Amino acid sequence: MSLRFVIGRAGSGKSTLCLHEVQEELKQRPRGETILYLVPEQMTFQTQQALIGSEDVRGSIRAQVFSFSRLAWKVLQEVGGASRLHIDEAGVHMLLRKIVESRKDGLSVFQKAAEQNGFFEHLGSMIAEFKRYNVTPSNVYEMWQQLDAHSSSAEQKLLANKVYDLQLLYDDFERALIGKYLDSEDYLQLLVEKLPQSEYVKGAEIYIDGFHSFSPQELEIVRQLMICGARVTITLTIDEKTLAQPVNELDLFYETTLTYEKIKQVAREEKIEIEKTIPLMEQPRFHSPALAHLEAHYEARPNEKFNGEASVTIHTAANLRAEVEGVAREIRRLVADENYRYRDIAVLLRNGESYYDVMRTLFTDYNIPHFIDEKRPMSHHPLVECIRSALEIISGNWRYDAVFRCVKTELLYPLDVRKETMREEMDEFENYCLAYGVQGKRWTSEDPWMYRRYRSLDDTDGMITDSEREMEEKINRLRGVVRTPVIRMQKRLKRAGTVMQMCEAVYLFLEELDVPKKLEALRIRAEESGDFLFATDHEQVWEEVMSLLDTFVEMLGEEKMSLSMFTDVMSTGLEALQFANIPPSLDQVLIANIDRSRLSNVKATFVIGVNEGVIPAAPMDEGMLSDEERDVLSAAGIELAPTTRQTLLEEQFVMYQMVTRATEKLYISCPLADEEGKTLLASSFIKKIKRMFPDVKDTFITNDVNDLSRSEQISYVATPEVTLSYVMQQLQTWKRYGFEGNLDFWWDVYNFYVTSDEWKQKSSRVLSSLFYRNRAQKLSTAVSRDLYGDKIKGSVSRMELFNRCAYAHFAQHGLSLRERDIFKLDAPDIGELFHAALKRIADRLLRENRTWADLSIKECEHLSAVVIEEIAPLLQRQILLSSNRHFYLKQKLQQIIFRTSIILREHAKSSGFVPVDLEVPFGMGGTGSLPPMEFSLPNGVKMEVVGRIDRVDKAEDENGTFLRIIDYKSSSKALDLTEVYYGLALQMLTYLDVVTSNAHTWMKKGGTASPAGVLYFHIHNPIVEVKGDASEAEIEKEILKKFKMKGLVLGDADVVRLMDNKLSTGSSDIISAGLKKDGSFSARSSIASEQEFNVLQKYVHHTFENIGKDITEGVIDIAPYKKGNKAACTFCNFKSVCQFDESLEDNQFRTLKDMKDSEAMEKIREEVGGE
C-alpha cells in the first residue's frame, strides 16, 4: 500500500504520464491485477478513448475508467448492497415535496418558501451537500440546539429556525430512504463501507486524475482506496515551488495545495507509505510559445509581457449574436485552411442560458457539428406539458389556460386525424371558449354546449340558423376530444385510494391517448428531417416519465394523498426531468461550461462571453444558506461547501485552467450588448491578457459588413444559409444609398443564388423582399364589386373609418376581418348597455305619457335597477351574471344609470326641448325607420348611409319648430370642426340632416323644422370636489356641471334659452354656450348659424360622395391619419395585417393640421361653395 503524487502546472503532462504507464502495463501484463483509473464524471468518455487510443492497446478488461459513482455501482454489484431502489433527482424532489407538504404546519421558515420556484431543487442540493460533507441529521439537530440556546439577534433566530426546519426535513428524508432507497450520495457512502470487502479493488493499481479537490465523503473513498489498493497515484495541478512555501489563500494553487496536504494527512493516519512526489517541469502540451508564456507567467505580478506574434486572439463583438457568428466563421476557417478537425476545437463559456439556443441555431446554419455538454430540461416537451396541464385542469377546476396548454401539446388529438385540420378546428374551438368564458362546471356538465352568434340586445327572436347548428355540432365534437380523456382520468383519480392507483390513472390516460404511438410518429418525423437530437428526445421522455411513475409508486405507492398534493408532487418530479446527453461523435466541436469542463487534446479554445460579472464571476448568494450563515456553522464545527468568498478565491484557478486547455490557439471574446440590446462591459480579465500580450489587437466583430474591407467581407461568405442574409444586407444598402463599395463581389454571390438549381427558389422568396414595398394596390372594379356589391349600404362610422385609414376599412368591410371575441366587458358593451337602459326607461315614460321631468329621485333609482336587471341576462352571453366581480360591476353600472336619470330629470325641468323619439333607425327597413341618406355615385353605384340615432328632441316657439340630436357617450366628447373637415366626425351632422329632412315624422301638421344643434351627453357617475361645509344642493349643482353637454348649437339666443330656461346671462350649466349681458354669445360658446348648419350638411353630403367613389374604385391605401397626438393606428385592430412601418418609404402618416373652428368652417365653405 503506497501513495504517489504526480504534480505539475497545467500542460506539464500529468495525465499523459499516467495513461502511458497504464498502457505500458497493459502491453507488458494484459492479465495482471486490476487497474482503476478514476476521473470526474465529465472526463470518463474522453479518458476511455485516450486509454484505448494507442496502437498497442485496442481494448482491455484489466484497466477500467470510472467516476466515483460508477465505481460505487461496480463494487455494490460485486459485494451486494445495490438491492435498494435508486431514486434519481426527480424522485428526490418528489419525496421532498411530499415531506414538506406533510410537515408544513410545523415549519418555521420554509412554510411559505416552499411555494417559490426552485425551492425543492435548493432543498435537494442542501441535503446532498450535507451528505457529501458527512453531516448527519443528528449533527444538524445538535447544531440547532446550540444555535437556539444562544440566539439573541433576529439574524441568529432566523438561522436557528432555518436549521431547525432543515433538520426536520433531512431527518424525515433519511427515514423515508432507510432500507428501501438510495440516492446518488448514498451510493458514495455505501462505497466507503463496502470497499474493504471488494476483491475487485483489493491489490489494484489506482490512478486518480483530473480532480482539484475532494469533499469529505470523497476523501473517505480515497482513504479506503489507499487501504485496499496496491498503490494510489494522484495527479494534482500544483507548481512544485508552491509546496516549499507556507500555504497562502491568495496563491493560484491554494485549493490543490490544500487537497495535497489533506490526502497526505489521511495517508499518515492510515500509515500508508508516501512515495516520492513526481514533479513535472516541462510544458509538452503547448505548441505555441505564446500559450506556454501565458501558462508559465499567469499569476506573475506585474504581468510578464510577451513580445512578438502571439497565438492569442481577442475579439469584442457588437452583440452576442455577432460574437457567436464570429466564432463560427473562425472555426470554419481553421477547418478549411489549417486542416483542423472539429474535435480539435472547444468553446468554453459560463452563462450558457444566454448562449446555447443561439449557438445551436448558428452552428447548425454554419454546418458545424457540435456537442453541447449540458443537460436540457424536459419541462417543455409535449408529453411532460400534457401530464402537468391535464392534472392542473382537474385540480384547478378546468381553467382556460390549463385546458388549452394541454390541447396545444396535440397529444389529445385522435391518432389518425390530420393534424393541420385539427389545429384549425381547435383554434376555432378556443375562440368559442374565449368568447363564452367556458371553464369550470361547463366542462364537466353533460349538457351540450350552445352556439349563437351574438347580434345585439334587441335580437331576441331565438331562432338558430343552419350555420349556427353546424358550428354547434363541431364545438360539441371537439369538446368531446378534449373532455373525454381528461374526465376519464379525473374519475379514476377521485376513485383512487392510493398513490399507486393515482399513478395508474395517469398511465391509463397516456395509453388511451396512444401517446407511445404518437411519440414514435414524432421521432420518425424528426429523423426524416435530419434532427436526430429531437428524435432521441421523444424516446427518452417516455422512458423517463415511466421511470418517474415507477419511482412514485415505489416510494409512496400505498399511501393516501389528496389530488392537490398528488398534482404538486407529480409536477415537482416532472420539473426535475432532464434529457441525457448523447455521447459526442468522433468529430464535433465541444461546447462546455468553464466550471465543469475537463478538456484535453484540443488545439484551439474559444472562451466566449468574457464579460464583467461573468468571468470572473460576481459574488452571488444562492441556496438555502448565506455566506454569513455558513461561516457561523463552520465556526461551530460543521464543514460545508465553500462560501462565496472562498469560491471567488478559487476563481483565478478556474480561469487559469480555462486558458491553458489549448495546445495551439486561444481566442477570447466578449459582446458589448446582449440579445435584448442591453449594454455589457468587457471583463477585467481581458485587460490582464492585453497587458501580457501588448502586440495583440482587439478586433471588433459586427453583423454589418459595410464598414469592412473586401478581404474581411469574404470571410462572411460561409454556407448558403448564412450568406444569404449578408447578400440581402449589402443589396439593401445599395438600394437605399446607392453605395457601390465592394458590391461587385456581392453581385457574384447574388448570381450564385439566382442561377443555382438548389437555391434559386429558396433565395427568390428572401431576395424578393429587397424590392418589397408595403403598398396596397388599388382593387380592380370587378374585385371591388365582388367585395362590396353593386349597392353599398354602410353606417356613418364606416365612412369615418375609411377617412381614418382606407386599408382599415378594406380589412373590416372588404375582408370582414375581426378580432377574436373574448368573454369580457369592453367599452362598446358598456356603451350598448347604457343606450339600452336609457331607451327602456324613456320608452316606458312615452307609454305612460310622462317625461323625465315627472320622475322622482326614488323612481329614478327604481327604474335604473329594473332596466339593468332586464338587460343583464342579454348582454355579452350573461357576463354580468358570471361572477361576483361582474355582479359588483353590474351594481356600479346601475348607479351610473341612476345618476344619469337624475341629470336627465334636471335637464328636462330646465328645457323646452323634449325627447320625441329614441334609437331612431334610418335606412334600416321595417316599421318606424326613416329613409336612408342616398347617393348615386359617378360610376353608377348606389350608396346608402344608414344608422340609428340615440335621441331626437323637439321644441316649438313662435319662430317655428326646432330639432336637436342627443348622442349618449360613455366618455367625454366634443364636436371638433377640424375633424368634420377631414371626414373623421360626420355622425352627429348626418343625424341632424336626416331628422330635419324628415321633420314631418314628429310634426302633427307636417311642415319643416330648423336644426337646433347636436350635443353629446356623457354617461358617467362623476366625483366632484367641494368645500367641507357645502350643502347637498351645492354638491348637486357641481355634479350637474359635470354633465354639461358639448357639441354645436344654433346661434339663436331664444333657442339656447329653450335648451336652458334658467339661462339669462353667463354660462349655461346644461350646454356649452353662454350669453353676455347684451344678449350676444360668449366667446367660448359652441354655436353655428342656420346657414352654417346648412353648409355643414352640404359638406357631409359632399364627403360621403367622395368616400363612396373611392371605396367603389378600390382605394385601399395604407395611409392612416395623424393629428396631434391622435392617430388611426392607436386603437386599430388591423396593425398586424397592414404591417404599417414608418421606416419604409411608402408608409407615412397623413398628417392632418389642427385648426381653429373658424378656420375649419372657412375651408368647409370653400369645398362646397357656401357663402
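Note that the numbers count up from 1, one per residue, in the order the chain is shown.
Just so it is clear, glycine is given a Cβ too, placed from its N, Cα and C backbone atoms.
The annotation domain 'UvrD-like helicase ATP-binding' is assigned in Swiss-Prot to 1-343 on the grounds of sequence analysis. According to Swiss-Prot, the ATP binding site annotation covers GLY8, ARG9, ALA10, GLY11, SER12, GLY13, LYS14, SER15, on the basis of sequence analysis. For 281-587, the entry in Swiss-Prot reads domain 'UvrD-like helicase C-terminal'. Positions annotated as [4Fe-4S] cluster binding site by Swiss-Prot, on the basis of sequence analysis: CYS805, CYS1129, CYS1132, CYS1138.
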* Other residues with Cβ within 8 Å of the Cβ centroid of GLY8, ARG9, ALA10, GLY11, SER12, GLY13, LYS14, SER15 at the ATP site? -> THR16, THR237, LEU280, GLN283, ARG285
* To do: Take every residue in the domain 'UvrD-like helicase ATP-binding' (1-343), average their pLDDT values, and give the whole-number result.
  => 90
* Asked: Taking the centroid of the Cβ atoms of CYS805, CYS1129, CYS1132, CYS1138 ([4Fe-4S] cluster site), which other same-chain residues have Cβ within 8 Å of it?
  -> ARG804, TYR807, ALA808, ILE1118, PRO1120, ALA1128, PHE1134, LYS1135, PHE1140
* Structure fact -> For GLY13 (ATP binding site), the number of neighbouring Cβ atoms whose distance to its own Cβ is within 10 Å equals 18
* To do: Output, ordered by sequence, the same-chain residues six or more apart from SER12 (ATP binding site) with a CB under 8 Å from its CB, or 'none'.
  => LEU280, MET281, GLU282, GLN283, PRO284, ARG285
* Asked: Expressed to the nearest Å, what is the distance separating ALA10 (ATP binding site) and CYS1138 ([4Fe-4S] cluster binding site) at their Cα atoms?
  -> 61
* Indicate whether GLY8 (ATP binding site) is helix, strand or coil by DSSP. => strand
* Local backbone state of SER15 (ATP binding site), from DSSP in three classes -> helix
* To do: Report the same-chain neighbours of CYS1138 ([4Fe-4S] cluster binding site): residues 6+ apart in sequence with Cβ closer than 8 Å to its Cβ, ordered by sequence.
  => ASN774, ALA776, TYR807, ALA808, ALA811, ILE1118
* Asked: Far apart in sequence but close in space: which same-chain residues, 6 or more away, have a Cβ under 8 Å from CYS805 ([4Fe-4S] cluster binding site)?
  -> ILE1118, ALA1119, PRO1120, TYR1121, ALA1128, CYS1129, CYS1132
* Structure fact -> What DSSP gives for CYS1132 ([4Fe-4S] cluster binding site), in three states, is coil
* Taking the binding-site residues one at a time (ALA10, CYS1129), which has its Cβ surrounded by the most other Cβ atoms within 10 Å? -> ALA10
* Structural state of CYS805 ([4Fe-4S] cluster binding site), classified by DSSP into three states -> coil
